[in-house]
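The structure appears below as structure tokens.
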């Protein structure tokens, strides 16, 4: 049995590693494109792209690990069924319970790893990503600029641009600043950021300014300028800590429905890995001419159903309906009963016959 144990463990872990790499590459494809686009616009420093991508690994693992385990288990045992190795092992007296035990041994380390990722690494990675971006915003004002919203100028005014073109040109600008002479409001159809004498400046083209406006007064000063240059003091966007940054201890002591839903979602992730590992074993059995990937689509459908049920119950809990916590836990527990009980009963009947 030792040789068989090592053989199955090696097949499972090799398949798991291959599937994990593929799914992570797929998951990171979109995120890499978004970060590179932000870096090209000057909103994210190029040297931060690699760090931010590494910090996105823990949240990505929390999402893809159950699916990776499902595919690894099904692909491994599907090949054994296709090559008739499972038939040979069964004829040698190897019971179905043995394969379930090997799958559970394979899943237990991943369950512990998923618990560590959900409880510690994901909150830490989310926090570090936010702190890195905030630190860059303090060093580079342009990185904090967000089109389509009002940007604070370090307490000296407010700046707004409707959109930003791919070449960096700003459209439909509006600016309000405080000067010793009073409030000044400016508008321009287009503008851009430029470095002037080592400082970041906002350049407005075909701009209009209104100075001296106060409620109840009718005398104001209006000027038209073909080109206006003004140094940017600071563009600050304070990013408050997100719920994803909270640890299990913080979520446990919180009374907010959203925190309660996130707590149980993180605790269910390790159980989901066990469910997916056993599900892959169950769906790996194929008929002689069905092919190795005969039930691949079925596995994906069951996985989507599983995730949708968890998401639906979690959404109800997040809206304050705490009773649906039982529904969240009923999903993995119900799947475990379905995956374990029927197989055991059928095998006992076959032995009795």
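Positions of Cβ are set from backbone N, Cα and C atoms, glycine also.
As annotated in TrEMBL, transmembrane segment covers the listed stretch 103-125 rather than the other ranges in 11-33, 34-56, 103-125. When Cβ-Cβ distances under 8 Å to the transmembrane segment (103-125) are tallied for each of 63-82, 263-281, 293-310, 322-341, the top count falls to 263-281.
Contact count against the transmembrane segment (263-281) (Cβ pairs under 8 Å) is highest for 63-82, out of 63-82, 293-310, 322-341.
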